[in-house]
Amino acid sequence: MPAGSNEPDGVLSYQRPDEEAVVDQGGTSTILNIHYEKEELEGHRTLYVGVRMPLGRQSHRHHRTHGQKHRRRGGRGKGASQGEEGLEALAHDTPSQRVQFILGTEEDEEHVPHELFTELDEICMKEGEDAEWKETARWLKFEEDVEDGGERWSKPYVATLSLHSLFELRSCLINGSVLLDMRASSIEEISDLILDQQELLRDLSDSVRVKVREALLKKHHHQNERRRNNLIPIVRSFAEVGKKQSDPHSMDRDGQTVSPQSATNLEVKNGVNCEHSPVDLSKVDLHFMKKIPTGAEASNVLVGEVDTLDRPIVAFVRLSPAVLLSGLTEVPIPTRFLFILLGPVGKGQQYHEIGRSMATIMTDEIFHDVAYKAKERDDLLAGIDEFLDQVTVLPPGEWDPSIRIEPPKNVPSQEKRKMPGVPNGNVCHIEPEPHGGHSGPELERTGRLFGGLVLDVKRKAPWYWSDYRDALSLQCLASFLFLYCACMSPVITFGGLLGEATEGRISAIESLFGASMTGIAYSLFAGQPLTILGSTGPVLVFEKILFKFCKDYALSYLSLRALIGLWTAFLCIVLVATDASSLVCYITRFTEEAFASLICIIFIYEAIEKLIHLAETYPIHMHSQLDHLSLYYCRCVLPENPNNHTLQYWKDHNILAAEVNWANLTVSECQEMHGEFMGSACGHHGPYTPDVLFWSCILFFATFIVSSTLKTFKTSRYFPTRVRSMVSDFAVFLTIFTMVVLDFLIGVPSPKLQVPNVFKPTRDDRGWFINPIGPNPWWTVIAAIIPALLCTILIFMDQQITAVIINRKEHKLKKGCGYHLDLLMVAVMLGVCSIMGLPWFVAATVLSITHVNSLKLESECSAPGEQPKFLGIREQRVTGLMIFVLMGCSVFMTAVLKFIPMPVLYGVFLYMGVSSLQGIQFFDRLKLFGMPAKHQPDFIYLRHVPLRKVHLFTLVQLTCLVLLWVIKASPAAIVFPMMVLALVFVRKVMDLCFSKRELSWLDDLMPESKKKKLDDAKKKEEEEAEKMLDIGGDKFPLESRKLLSSPGKSSSFRCDPSEINISDEMPKTTVWKALSINSGNTKEKSPFN
């Protein structure tokens, strides 16, 4: 550090009534004002020379005016010798250690770090010219510059600084004034305090002082204050629609009306508003104000040229408390920091780069905290040195500094810079946390009957009412409308298939009623209401097998089914009572992704399959001869060989086939009377209908493409943020509405959604309640246990795997989960549905994932250039509740629902399947097979696991997925849940092929036995004890519960030669020596030559 200052050894105390600023002489003092003593380290409080401290009794405080100068007198006794001893120890501290010590100090109310908005203003005062401060750049997270034309802001970009300007900034802080915790309420007072301090450091003539003060009090012109009178309103782009322009009658942030500014309020003195003038909202960019976090403070960087100066005036000021200085900052927030650099004319670009450096490091997370907690100049220098210790240097011959670097999508965490024992920014090898992906109190076995269920209820009860309050959002309305349409079609389709399999004993109306009743109960009382219940393929296979068995052995299907359902419900309740859901911790990412991928692929496959099957009803008339179009016909004729069903129909309705004029019948009349269609223009089920299949394909793919496009509209560059967010939230609903209107206008008879319009059982020979025994023999009560066991496994696996996927840590759920409570609700409603002869419903994976994705929360207040942060999921019960309430009311809405084309719903299925695949690591790894190594994405697991092991893991997972698909598509689909359970054992076997470290990166670690846990814990404690013995130096705990080597003489020996102290090495550089020489020259020389 450059020495050689001839300034007096003392501390100036600027005082007003009840106000005092801590002034640090820095380079002007011959003593470094810092002591690291044992007692102070233990208490995390440091005694600084220059600050009045009570010693034994309260000292009397003298009050002085700004212009008075006071120098402390006194000898250097014992305290001074202790300071020298501390200095010797300090010389061996790295900047990182000093910063850790500063950040470890206790916080008080006046030094709590806030978010900062930094503004760079520049001025050039020359004789005879009227100058004003002009805003040239601003920082909220990234740098934005006023473009050369002065009409617009640049895109946010990552600031690139020259190392030379950083060295110059450090020199400024060493040789300039540092005033910490200044108490002032106006820019005039701040200017007087700064100039008073400058008079102690150098001789300022009255004319220079007046000129500098005049410069500091000049008016500030901000970019948003451009003339609006010349702007024609129609010229405003659509991107500004929705942005609030400045309005004197606007509401302020607290909701209070700000009245128009009166003439007296607009009086200015020396270009600055009076002390008590209110904020003039006509000069505030309210749209940009929304991006500033609540409670943020301002950091003003003022640099410029003044022709009367022969050497620079530098000052760093921290106000306490922060003060709202009207007209100084672009937005009306209180100012906490000021950095002032005024120098001779001719070096404006140099001052600009120093100002950019100051503003940029103020946005640095670590230096930002240091600036708030600094007690003196050396703390700020330690912060800059630590910043320099972490910077990355770009070779001058390989990079153009004028290129603006786009802000990264994800900003790396700076927590590693707060970790002790990591010298020079070298990050130690970080191992992933060795616990499983679902560890938590929800899955701990209590050992008590229904213990897990009781804990689930206690965990969810405090959040119950908030589950309804949190639903007051347009996002929930969009989610509800989208998922209602998405849930209706599979429920009705499942009911139709079930009706075909059971000869109408359970059909569409029962499916609709069962889904509505089960969904409402689950949404009201389940532990995780984000899960959506639906029908599953294995359940349909089970129903088919059971119906065939009952038909072969002359048993009542509905009665036996009711018994099996009751036994299944009872067994599920037993699983709840025994905390069996704790076994979920064995379901790792390997099993989750295989199961979720299969369900997503099934959604995609079935959507395309249903579209293809439309060709059977609406065939394509291929190889048409255009010259013979006039000869095409399709007529209704008498069946040549009527079957018994047709003859019985004619007999029941007294129809004489020979007397019917078949050729004159309409299509519907011909079908009703069991006639046949004959002719070259006939299809499978009647006359050929042109264009239907192709129009259905258009609707199908258009729905998928438009939904996907509108969903990503949130990240586009068009329209304001609020409009983009709303379009993105309502993407699927808007798509369905658009396609329905388009289909109605085109008029092509596409297949429509068929909803039952009467609320009664499908068959007249059954009611809404089923006798569990009925006509069946008594032994069926006991025999029903066997298929109930299989059903229990089916229900448990489907429900819990979906619950695990929804409750993953990546979703940042805050209200906890309830595996036991979820399973209880499914079991109870399964029993109710069995008694009422309704289908069984369990958690639907794709619908649940889609529900969660539609409720994602992102930060609204994001800095320009910063990607919105994912905050979590809007956890509430209302969307699921309304989906199933409206589903139950669908019977009375057939007049509207009949207009929805089925291809549109198939397109929604395709969209849900594809969108649910996003974020599944298995598909990311699958794509690696077709990529050369140099083009592969920078996935974190590729850094730590060999590529061949990654491919092996993916192949095993792919093989399991193919096996699951084969079983699912075969008649043996009823054992599908057993195969999903087998995946857990396959994953356990993989422990033999992969190391624990590799699996921790590719998958979640499976729980180990209690004995092995104890052995591992004991071994870890022994290793840590040996490590502590090998490391020298005293250790003491910080508030962050980390260990930091106390600064002392013992740290002077460094066993690692690569560990350097940048504060020691910097003075050895030629650049720093040149700066030091210049700063030590006479007053005529500038330190920036």
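The count begins at 1 with the first shown residue.
Cβ atoms are placed via backbone N, Cα and C, with glycine included.
Database features (Swiss-Prot):
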type: TOPO_DOM; residues: 1-476; note: topological domain 'Extracellular'
type: REGION; residues: 55-90; note: region 'Disordered'
type: COMPBIAS; residues: 58-76; note: compositional bias 'Basic residues'
type: TRANSMEM; residues: 477-497; note: transmembrane segment
type: TRANSMEM; residues: 506-526; note: transmembrane segment
type: TOPO_DOM; residues: 527-563; note: topological domain 'Extracellular'
type: TRANSMEM; residues: 564-584; note: transmembrane segment
type: TRANSMEM; residues: 594-614; note: transmembrane segment
type: TOPO_DOM; residues: 615-685; note: topological domain 'Extracellular'
type: DISULFID; residues: C634-C682; note: disulfide bond
type: DISULFID; residues: C636-C670; note: disulfide bond
type: CARBOHYD; residues: N644; note: N-linked glycosylation site
type: TRANSMEM; residues: 686-706; note: transmembrane segment
type: TRANSMEM; residues: 730-750; note: transmembrane segment
type: TOPO_DOM; residues: 751-776; note: topological domain 'Extracellular'
type: TRANSMEM; residues: 777-797; note: transmembrane segment
type: TRANSMEM; residues: 823-843; note: transmembrane segment
type: TOPO_DOM; residues: 844-879; note: topological domain 'Extracellular'
type: TRANSMEM; residues: 880-900; note: transmembrane segment
type: TRANSMEM; residues: 903-923; note: transmembrane segment
type: TOPO_DOM; residues: 924-960; note: topological domain 'Extracellular'
type: TRANSMEM; residues: 961-981; note: transmembrane segment
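In the three-state DSSP reading, C636 (disulfide bond) counts as strand. Across the structure, N644 (N-linked glycosylation site) and C634 (disulfide bond) are spaced 25 Å apart at their Cα atoms. The 10 Å shell around the Cβ of C670 (disulfide bond) contains 21 further Cβ atoms across the protein chains shown.
Other Cβ atoms within 10 Å of the Cβ of N644 (N-linked glycosylation site) number 7 in total over all chains. With a threshold of 8 Å between CB atoms, the same-chain residues lying at least 6 positions outside the transmembrane segment (961-981) that come near it are 537-538, 541-542, 545, 591, 594-595, 597-598, 601-602, 790, 793-794, 796-798, 801, 922.
Taking CA atoms as the reference points, C636 (disulfide bond) and C682 (disulfide bond) are 10 Å apart. Confidence annotation: the topological domain 'Extracellular' (751-776) carries a mean pLDDT of 75 in the model. Here the disulfide-bonded residues are C634, C636, C682; the one with the fewest Cβ atoms within 10 Å of its Cβ is C634. Across the candidate stretches 564-584, 594-614, 686-706, 880-900, 903-923, the maximum count of CB pairs under 8 A to the transmembrane segment (477-497) is reached by 880-900. In this chain, the transmembrane segment (686-706) touches the transmembrane segment (594-614); three or more CB pairs sit within less than 8 A of each other, excluding pairs fewer than 6 residues apart. Ranked by number of Cβ pairs under 8 Å to the transmembrane segment (880-900), the listed stretches 506-526, 564-584, 686-706, 777-797, 823-843 are led by 506-526. In terms of DSSP helix, strand and coil, the topological domain 'Extracellular' (844-879) has 11 helix, 7 strand, 18 coil. Using a cut-off of 8 Å between Cβ atoms, the transmembrane segment (777-797) and the transmembrane segment (823-843) share at least three residue pairs, counting only pairs 6 or more apart in sequence. Each residue in the topological domain 'Extracellular' (924-960) gets a DSSP state, and the totals come to 29 helix, 0 strand, 8 coil.
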